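Engineer: Below are the structure tokens for one structure; questions will follow.
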Amino acid sequence: MAAMGALLKFGALLLAAVAACVAWEDGDVWDYDGHKLKDSDFLALWPLPQKVQSSAVSFQLSASRFQFTHAEGSSAGSDCSILQNAFRRYFDYIFGFTKKDRDQRRRNAAGSEVLELQVAITSPDAECDGFPSLTSDESYELSVDQPSAVLKAPKVWGALRGLETFSQLVYEDAYGARNINKTGVSDFPRFAHRGVLLDSSRHYLPLKVILANLEAMAMNKYNVFHWHISDDQSFPYVSRMFPDLSQKGSYHPYTHVYTPADVKMVIEFARMRGIRVIAEFDTPGHTQSWGFGQKDLLTPCYTGSSPSGTYGPVNPILNTTYDFMAGFFKEISTVFPDAYVHLGGDEVDFSCWKSNPDIQKFMDQQGFGKDYSKLESFYIQRLLDIVSSTDKGYMVWQEVFDNGVKLKSDALIHVWIWYQGGGYKAELARVTAAGYTALVSAPWYLNIMSYGQDWQTYYKEDIQDFNGTDAQKKLVIGGEACLWGEYVDASNLTPRLWPRASAVAERLWSDQGVRDISDAYVRLVQHRCRMVERGIPAEPLFTGYCRHEYSGV
Amino acid sequence: MSSRCNLRFLIPGLALLLGGVPSVLAVWPQPQQIRNSAERYSLSARAFLFKHADVSAVRSGCDVLDQAFTRYFTLIFPESGGGAHNRYFWTEADPFTVEVNVAEGPCDGYPAEGSIENYKLTVSPGQAVLTSVTVWGALRGLESLSQLVEQDDYGAYYINKTEIEDFPRFQFRGLLLDTSRHYLPLQAILKTLDAMAYSKLNVFHWHIVDDPSFPYQSRKYPDLSKKGAYHPFTHIYTQTDVRRVIEHARLRGIRVLAEFDSPGHTQSWGNGQPSLLTPCYRGDVPSGTYGPVNPILDSTYVFMANLLKEVTSVFPDSYIHLGGDEVDFSCWKSNPDIKAFMKKMGFGSDFTKLESFYMQNIVNISTMLNRSSVVWQDVFDYHEINRPRYVVEVWKWGCYLCEVRRVTKAGLKVILASPWYLDLPGPTHDWARYYNVRPLAFKGTEEQKKLVIGGEVCMWGEYVDATNLSPRLWPRACAAAERLWSDEVQTSSVDQAFPRLTDFRCRLLRRGIQAEPLYVGHCKNEYQGI
């Protein structure tokens, strides 16, 4: 171990060397033993693993000889499609466009080459055919040495994270050859739920864009794709039971929809990368587009004593509403395998309900008085019962909790309001004090833009830094970066999301003590160039360049 | 959770958006005079013809028009690719001819200051007649024509009976790209030129070098890019690249205005040209860092004269941009030789005099090379005496019209950039901010107003490279383009512009320009990349 240098705990010390991408920065960087690092010592790991031991001893990797193998005794083998696909993907990332090395004789001194990465899944059930879940074990241990590197993980999910790390350890030397340093990594996520929300209702997002961003999510060790699939503006989800919803409620019934095959493809593509797909069908507000294909679902608004011809939120007083919801969510529970479904529940506008005489009568009958949040609770309550009967857990936006709706103990409260109620941290204190599990998006609305390096503000947030007991803090299980779609579609989504969402990714994965902005800058600059090289148009952090610029113009 | 804070930006057009975007009969930027009628004529890709009028001074063989015909045919009929081989036509299509009549040649020249871009377009049964003074005017007319063509529900192409009489309000309608903070691959520049032509912008201001990198590969001083570019082979513009940009621009009626900014913003020059920059001092000893160009050495002016001589032989435009902005005096102040020179010249401790001295020499060089100089407003602001003739680009915020007034009062021409710094991202709905600019709303004589020759959209590169350039430029730059081309009274309403611009943005997408959305909604053909 002596040769491997000091243990770098939590990576608080500088791991990265001079950034090739920051020409203006004269950044001589020193390693943990006080030695100046060479250009070849690049280590731009992102997000930073929990523990890394690194040394200056380097090995080569040959495109014609290097192999991924299943270690002896691994519970996963060549029939594990998740790993087989990952091997191909990471081989491509590592060796890029390098041509096959025809000259087999060109070799370094014996023993300076990593010939294989042995992947060992250590628990009896590798979960090769399963879906990732909130409780999936994503930990892994990686040891890079010659002639074999070894990646050990209890489940395939950890192996996927480890493969990403392994690929990030590989660098090009001055001759373009692939190198990797002798390294040990022991890693696990700080938070179990690390998500990205995309909104496919305000603008339709072509499948290709969703898949490319799942790819980028995997590069950043994200594990949840929160699919805000429908909203006021359009209903692109093609329902088998209620085809009229998209037929009449999408921007276009054929070109701007997600067919069952599309949805399946997204889920499988995500599964291959250890990413859960949580669908959100937001009700009772945010549902204008539902009304086109489902008669009587929305509340008719009134002007004076006659219907005005416009519609409000879902009509909570009709039995037909609940029959529809029962049928609809039964379908959803079979289409989306994840144990959670997001039910929305945010921003309900009461003015239409107030105008409707039938609703008023119902309010009187129920003894709700003039308190329309009670009516909202009444609706949500019944909806939650319906969803519970499909054996799904649910996530809801924080208003549902704020309005005092009775929730199951495993309900996930999604905290998003930053501008009132004492800020999101006060809300976190309230939610966790009530014993609920919470998820945070408030500081990470990436659709809001400002000039300069706003990634730094995302990076500095600590979502466990609120007034509460340790037990309360444990109830915060993660967060999501949200990219709402009012001003975003395929034309600008990817550069707006990356690398800004990468900042959030590290906050959610790495240790709480990883907070050094200048170290993060150097690593993130390289990480963004790596994403660009892998075909993701991630925008620059600041002046500088990448060796391989984005070529997809 | 997302939209409440945005609701106040809801625009009257929302009802339309929810029902799908209807096609708006419109041209962007709005022509000076346009009369549409409901009468429409079908167009068939198989029976559509561009031809030169018998009396036209320009005939086939004119590459600007020949290439424009090819280009606009594809833009008008985007789905006709390979259609020539399709033999399953049962009906004979009605022929439609676009007759182009250009009064004056030549067509092998470059668009220039004062090029006349006026045109007249009449669409009637079976034909369109396009009349212009120059080929550049014809290009503007072809662009308008292409925007008049729509597809009905069956996908069939048609054009409405229309009469347009059009000319630009300002002759200088520019767009600045910064290829120093980040290198922009050639493809990104060419694509930007395409989109500029769609918005009738006519000057590409190429801020080609700056502190971080020097990507221009000089014939005379190859070390400048060899040592000053991010990478000496992959991150440079070769002479061939530059010629390609100029030609691509020329074919679209776009001037290329090169900027070699000095004496500040020149850190990258120093790597390849020793002793060009001022050595900074700490106390009595050089600190090892460098400041602006050293204005006291003869060698500096020899170098600048040679470089600018080369630049003027490469870039044909009669304008050259000499920069002159944001000069930091601290390094000059620290240098004992500079201080001695200041004393000798009687500048006292007023370093703006030294800057003026330098700029005057550079402007003289450019004048000797037969070029009109453009400078950033700083140069104008420094000194009132001995101002050489130059065009002033106003870029600072605050009361920019006050500055415009001062400059025009001094009898100098103005290019206005202050309100159009598009690199400040902001949410997309700020396009209205770029639209609601009134460049001539200052107190001044008619003569003064004529001196405002136009304006320019700036896309500085600190946070912009090929990954995000296009969506950040378009369609926000289109708002400025209309302000610079169209009549201000006719185009004063943001609400009326919104549906037209929404429509135009979808057209840009259809043409492969990665233009971002203005608000919720959809395009028939969404962007197909990632």
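Counting begins at 1 with the first residue displayed.
Placed from the backbone N, Cα and C atoms, the Cβ positions cover glycine too.
Just lifted these from TrEMBL, have a look:
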type	residues	note
SIGNAL	A:1-23	signal peptide
DOMAIN	A:45-169	domain 'Beta-hexosaminidase eukaryotic type N-terminal'
DISULFID	A:CYS80-A:CYS128	disulfide bond
DOMAIN	A:191-511	domain 'Glycoside hydrolase family 20 catalytic'
DISULFID	A:CYS301-A:CYS352	disulfide bond
ACT_SITE	A:GLU347	active site, proton donor
DISULFID	A:CYS529-A:CYS546	disulfide bond
Engineer: Spatially, and counting Cα to Cα, which of the recorded positions is closest to A:CYS128 (disulfide bond)? Options: A:CYS301, A:GLU347, A:CYS352, A:CYS529, A:CYS546.
Structural biologist: A:CYS529
Engineer: Check the DSSP secondary structure of A:CYS301 (disulfide bond), expressed as helix, strand or coil.
Structural biologist: strand
Engineer: Quick one: of A:CYS80, A:GLU347, A:CYS352, A:CYS529, which recorded positions have a CB closer than 8 A to some CB in chain B?
Structural biologist: A:GLU347
Engineer: Cα-Cα, whole number of Å: A:CYS352 (disulfide bond) versus A:CYS546 (disulfide bond)?
Structural biologist: 54
Engineer: List the Cα distance (Å, whole number) between A:GLU347 (active site, proton donor) and A:CYS301 (disulfide bond).
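Structural biologist: The separation of the Cα atoms works out to 17 Å.
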Engineer: Counting only residues 6+ apart in the same chain, whose Cβ is under 8 Å from the Cβ of A:CYS80 (disulfide bond)?
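Structural biologist: Long-range Cβ contacts: A:HIS70, A:ILE121, A:ALA126, A:CYS128, A:VAL156.
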Engineer: I need the most crowded of these disulfide-bonded residues: A:CYS128, A:CYS301, A:CYS546. Count other C-beta atoms within 10 angstroms of each C-beta and give me the top one.
Structural biologist: A:CYS546
Engineer: Round to the nearest Å and give the CA-to-CA distance linking A:CYS301 (disulfide bond) with A:CYS529 (disulfide bond).
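Structural biologist: About 52 Å separate the Cα atoms of these two residues.
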Engineer: Would you say which of the recorded positions A:GLU347, A:CYS352, A:CYS529 has the most Cβ atoms within 10 Å of its own Cβ?
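Structural biologist: For the recorded positions A:GLU347, A:CYS352, A:CYS529, the Cβ with the most other Cβ atoms within 10 Å is A:CYS529.
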Engineer: Roughly where does the domain 'Beta-hexosaminidase eukaryotic type N-terminal' (A:45-169) sit in mean pLDDT, to the nearest integer?
Structural biologist: 90
